[in-house]
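Structure first, commentary second.
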Amino acid sequence: MISYSLPNERPNDFSRVIPVVKDIIESVKTKGDNALYELTEKLDKVKIDNIKAREEELKTQASKLDPKVKQAIDTAYEQLKAFHEMLVPPNIGGGYQGISFGVIWRSIEKIGIYVPSGKYSYPSTLLMAGIPAKVAKVKEIYVASPPTQEGTVNPALAYVAIKLGVNEVYKIGGAQAIAALAFGTESVKKVYKIVGPGNVYVQAAKYLVSSVVGIDGIEGPTELVIIADETAKAEYVALDMKAQAEHGPDTYIVLLSNDDELIRRVEEKIKNDKKIYYIIKTKNLDEAIEIANKIAPEHLSLYVKDAYTLMDKIVNAGAISLGNTPPAIIDYVAGPNHILPTNGWAKIRGGITVYDFIKPTMYANVRDINKQLLEASISLANYEGFIIHGKSIGARYE
């Protein structure tokens, strides 16, 4: 199904589930582990014997993993690690007018990673969140993910958890997992920040606990905007649109093109799909860029002749695929993260990197302050009514 005009809003309204999620959070806060056992049995239809996966349990599950999948995980791990190691910032120091100053970077000490699960498990999500956290030297990493129908940990997830060296894995999912990581229970450690994607209940829970714990963001359904000119292959464009539609019925997929023939050929390949695709004919590529920057999509593909030049004009996008690069490869092995901002949040932040797990601490050492700076600091303190601030400064340097 094709629409030739963009909707006013994208689907990301979790207000309808807020009352239910509030009750879940309150239950976990008051009943702790008992609530987690009850909710897992009620919502996931699984009875678990223990919340925290035992070390032997993880090893046993990991041993069941197909060797080809192990190799794929190992290969992806090295590529993602190389990308995030490139981003580690140095400590910086300098000075001006008698004052030494600088920034030192420190890791967040404890984080929680939520890994969704359903018909399939998503070990790539644990790689995407866990690798930058490890590169950032986070001391304690705790993972929560729904249990399998057998009440244990998915083999691929267990393998990645062992490879990353995470501290603990919890066999809990949904809003109750977010609440447990935010407030702690008898079995679940309380963390300082929670990252990872999830359904509307998970997002609502992250929103509700964000006053007591850091979060990476509130995310909606997957988004893809494609800007394509006459050099693009319709087959690739259509495949990429259909690929992102696999994420669910609410995915937001847009083709912006100034080429009538390309649009016609793409239409032929997607017109019978039940999924809604948006196709917009633009006057030129500059108009396409303007629309894309307003949308601020999670994924942006530039199927154009000079992709690097066009990329210089993009200011709002979670991740950009250049030329014939399929967005799907970013979901796995390209290097950039697949945990990306949606619903316009790319206007103010990007995907998960080491910067989500470190924080800058600024310092100053005042030695031989010049008279102008000294007088300025005392005058400003007095003007704002902080008289003793001024005296504290003056006592040392006047």
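Glycine too: its Cβ is placed from the backbone N, Cα and C atoms.
The NAD(+) binding site annotation in Swiss-Prot covers Y114, Q176, N199. Shown in sequence order, P116, G174 are the residues of the chain, 6+ apart in sequence, with a C-beta less than 8 angstroms from the C-beta of N199 (NAD(+) binding site). DSSP gives N199 (NAD(+) binding site) a coil state; it is part of no helix or strand.
Taken from Swiss-Prot, the feature substrate binding site covers T222, Q244, H247, H299, D331, E384, H389, and the record attributes it to similarity to another entry. For the recorded site, E384 (substrate binding site), the DSSP three-state label reads coil.
Counting every protein chain shown, the Cβ of H389 (substrate binding site) has 15 other Cβ atoms within 10 Å. If you look up Swiss-Prot, you'll see Q244, H247, D331, H389 marked as Zn(2+) binding site, on the strength of similarity to another entry.
E298 (active site, proton acceptor) falls within neither a helix nor a strand when secondary structure is assigned with DSSP, and so counts as coil. The Cβ of E298 (active site, proton acceptor) lies under 8 Å from the Cβ of T222, E223, L224, G318, A319, L340, P341, T342, A346, each of which sits 6+ residues away along the same chain. The active site, proton acceptor annotation in Swiss-Prot covers E298 (among others).
In sequence order, T222, E223, L224, V225, Q244, A317, G318, A319, S321, P327, I330, L340 constitute the residues six or more apart from H299 (substrate binding site) in its chain with CB-CB distances below 8 Å. Sequence annotations record features per position, and here Swiss-Prot assigns active site, proton acceptor to H299 (among others) based on similarity to another entry.
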What's the longest C-alpha separation between any two of T222, Q244, H247, H299, D331, E384, H389, the listed substrate-binding residues, in angstrom?
57
Provide the three-state secondary structure of D331 (substrate binding site) computed with DSSP.
coil
Can you check which residue among the binding-site residues D331, E384 has the largest number of Cβ atoms within 10 Å of its own?
D331
Out of Q176, T222, Q244, which has the highest number of nearby Cβ atoms, where nearby means within 10 Å of its Cβ, if these are the binding-site residues?
Q176
I'd like the Cβ neighbour count for Y114 (NAD(+) binding site), meaning other Cβ atoms within 10 Å of its Cβ, all protein chains included.
29
Just checking a number: largest C-alpha distance across Y114, Q176, N199 for the NAD(+) site, rounded to a whole Å.
13
